[in-house]
Amino acid sequence: MRQLKSILATLEVDLRLIGMIAALAVIWGVFHAVTGGLYVTPRNIFNLSVQTASVAVMATGMVFVIVTRHIDLSVGALLGFIGMTMGMIQAKILPEFLGYGHPMIWVITVFAGLLMGAVFGAFQGWLIGYLTIPAFIVTLGGLLAWRGAAWWVTEGQTVAPLDETFKVLGGAGGTLGIFWSWVVGILASLAAVALVFQSRRRKVAHEFHVKPLWAEFALAGIYVGVICSFVAVLNAYEVPTRRIERMFEAKGEVMPEGLTMGYGLPISVLVLLAVTVVMTIVAQRTRLGRYIFATGGNPDAAELSGIDTKFLTVKVFAIMGGLVAIGAVIASARLGSAANDLGTLDELRVIAAAVIGGTALSGGVGTIYGAVLGALIMQSLQSGMAMVGVDAPLQSIVVGVVLVFAVWIDIVYRRRTGS
Amino acid sequence: MTTQPPLVEMRNMNIAFGGNHAVNDVTVDLYPGEVVGLLGHNGAGKSTLIKMLSGAYQPDSGDILVNGEKVTIQNPRDARRHNIETIYQTLALADNLDAASNLFLGRELTTAAGFVDDDSMEAEARKIMARLNPNFKNFSSPVSSLSGGQRQSVAIARAVYFNAKILIMDEPTAALGPHETQMVADLIQQLKAEGLGIFLIDHDVHQVMELCDRAAVMKNGKLVGVVKISEVTDDDLLGMIILGKHPHTGEVMEG
């Protein structure tokens with residue numbers, strides 16, 4: 001045990017991260033045993049990652065919101081409104097001008113969604129930062145207002161079908177296939193290894209303390225291992241033979257005997273990974289990120305250091321809004337339709353994911369990868385219980401208890417480590 | 001000393017919060033290489049006066065002159081542009097960030113690509129800390145885990161690093177032990193010798209007698225008077241603080 005601790009200390013890995021991975025391993029292990037080996041399978045891991053994507057994307061933004069000591073209760077409702085509006089734009093408005101199936105439809109739709117998200121988010125941020133209305137109230141108002149607005153877009157009618165190219169952004173319909181999944185996996189592995197050693201070289205140049213070389217190799221090895229096994233698992237999920245047959249029929253060809261195809265990386269998961277990387281860079285390597293954390297740690301100090309905390313609030317909520325739009329794209333594309341109840345209760349899932357991922361509601365503390373893992377833990381619990389056949393009311397109870405329990409563990413951990 | 005313009009002059013400063021006239025027609029100045037003590041009870045208006053200089057508050061009226069030229073200071077960034085640095089009583093540190101991030105907060109060093117360069121900032125922080133407080137070694141933990149003296153070192157380093165000409169210290173030794181207080185006193189002498197002007201806000205009359213060249217005493221938002229330390233006794237200063245009595249004229253301020 002002591003030996004393990006000293007190895008972890010040498011690797012300088014975040015203990016909270018280890019804890020979350022352990023929690024995830026326990027959840028997966030238990031459900032795998034209970035379902036008789038159905039849980040940790042390529043098929044289920046594929047589904048889990050696709051179901052997690054929308055909430056996880058938004059949770060990365062919620063980290064910034066909560067770190068600056070705010071909260072955003074409006075994300076689910078805003079997702080509904082933007083989802084509905086994007087549905088109208090691609091299914092009703094644009095086809096009139098461009099014709100059905102025009103290749104630009106999805107581009108314009110996504111761009112319009114992002115613009116709406118950023119503008120509506122910025123507006124809420126302005127109310128909070130400049131008019132100093134508490135974020136809880138502004139976004140509670142937003143929760144009601146955006147949900148009402150979502151109904152108004154079509155008087156409550158579901159918009160379907162969505163644009164064919166747009167739907168690729170959502171789920172099982174849009175995957176990279178085996179070859180391109182490996183290309184992405186190998187590029188990501190190379191980038192991870194390059195980052196580890198580039199950081200080491202900088203530290204050596206400044207004559208700072210560095211980890212022993214074996215620790216750097218071990219870390220790089222773990223990164224590459226995780227990336228490659230994830231790709232391998234998703235590639236191992238095979239497209240049903242009947243579906244491949246239909247694809248060939250659509251092209252007027254006959255399927256070669258014995259052909260198999262793996263799904264590979266879903267586009268939505270690729271979007272999530274890109275968002276995670278970009279948000280991590282913003283958090284750790286930009287002034288904006290530094291100011292977000294400084295403001296969360298001590299708003300007065302931030303202001304006295306010349307940081308414009310009002311405008312910062314607008315930026316944080318604009319980012320949140322933009323990520324809600326991405327969440328709306330993924331969620332509506334996955335369902336293939338836009339209904340006005342899209343994103344209902346997502347605000348709670350998103351907040352829970354950020355908090356389980358170690359974001360402190362008192363502000364100043366939180367990580368992007370933690371929020372993504374938090375979202376994955378929540379989704380693993382929920383789909384696991386659904387697979388086992390746990391009643392929906394009991395599912396809610398379990399998720400609620402787990403949320404409170406996780407935060408308590410986090411408080412105990414923080415008190416022990418004094419951070 | 002009087003032949004050159006003062007480093008900074010605050011003329012007829014006024015500020016009120018609601019009905020409370022926190023600073024009422026106060027004029028003070030500061031010359032290079034000089035330490036001016038600002039004395040007064042809690043709520044006398046010393047910190048409020050100085051916050052108008054550091055950009056935290058906007059005066060209702062009054063002029064601020066730096067090197068004889070009128071300037072407008074609307075926020076902390078403006079103050080920093082005029083080389084006015086402040087060490088707040090609360091230290092104004094972001095507790096969740098490490099020493100280097102606090103030292104450079106609002107003025108981060110960046111790489112060519114525009115990203116925050118933590119390694120360079122830590123290297124610079126190590127250099128200045130080696131000069132200010134050689135015992136300071138903890139550069140990786142958040143400053144919340146540091147001792148009072150170490151936190152004070154970070155706040156001082158932040159003010160000194162960026163070539164301050166005018167330094168405002170708000171009760172810099174209030175939370176410190178005797179050893180650390182001596183360290184701050186030595187630092188004040190050193191900075192003074194380098195030609196900085198320092199406003200030192202303090203309760204402690206003995207400390208002001210020891211460190212300052214002049215003292216400005218405030219009571220109920222008004223200036224009782226500005227005196228040379230060499231011409232007054234501890235009791236004179238106490239009389240100014242408590243009674244509002246000017247030691248040379250014997251006049252007692254109303255209110």
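Here the Cβ of each residue, glycine as well, is placed from N, Cα and C on the backbone.
Over in TrEMBL, the protein carries these features:
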TRANSMEM  A:21-39  transmembrane segment
TRANSMEM  A:45-66  transmembrane segment
TRANSMEM  A:73-91  transmembrane segment
TRANSMEM  A:103-123  transmembrane segment
TRANSMEM  A:130-153  transmembrane segment
TRANSMEM  A:173-197  transmembrane segment
TRANSMEM  A:217-237  transmembrane segment
TRANSMEM  A:263-283  transmembrane segment
TRANSMEM  A:312-331  transmembrane segment
TRANSMEM  A:351-376  transmembrane segment
TRANSMEM  A:388-409  transmembrane segment
Residue numbers, six or more beyond the limits of the transmembrane segment (A:103-123), whose CB comes under 8 Å of its CB atoms:
78, 82, 85-86, 89-90, 94-95, 146, 163, 165-166, 168-169, 314-315, 317-326, 328-329
Please identify the stretch among A:45-66, A:130-153, A:173-197, A:217-237, A:312-331 with the greatest number of Cβ pairs below 8 Å relative to the transmembrane segment (A:351-376).
A:45-66
Please work out whether the transmembrane segment (A:73-91) lies in contact with the transmembrane segment (A:312-331), by counting C-beta pairs under 8 angstroms that are 6 or more apart in sequence and asking whether there are at least 3.
yes
Are there residues at least 6 beyond the ends of the transmembrane segment (A:45-66) whose Cβ is under 8 Å from a Cβ of it, and what are they?
72, 75, 79, 135, 170-172, 233-234, 237, 263, 266, 268-269, 271-272, 275-276, 279, 283, 292, 316-317, 319-320, 322-324, 326-328, 330-331, 334, 346, 349-351, 353-355, 357, 359-361, 363, 366-368, 370-372, 374-376, 378-380, 383
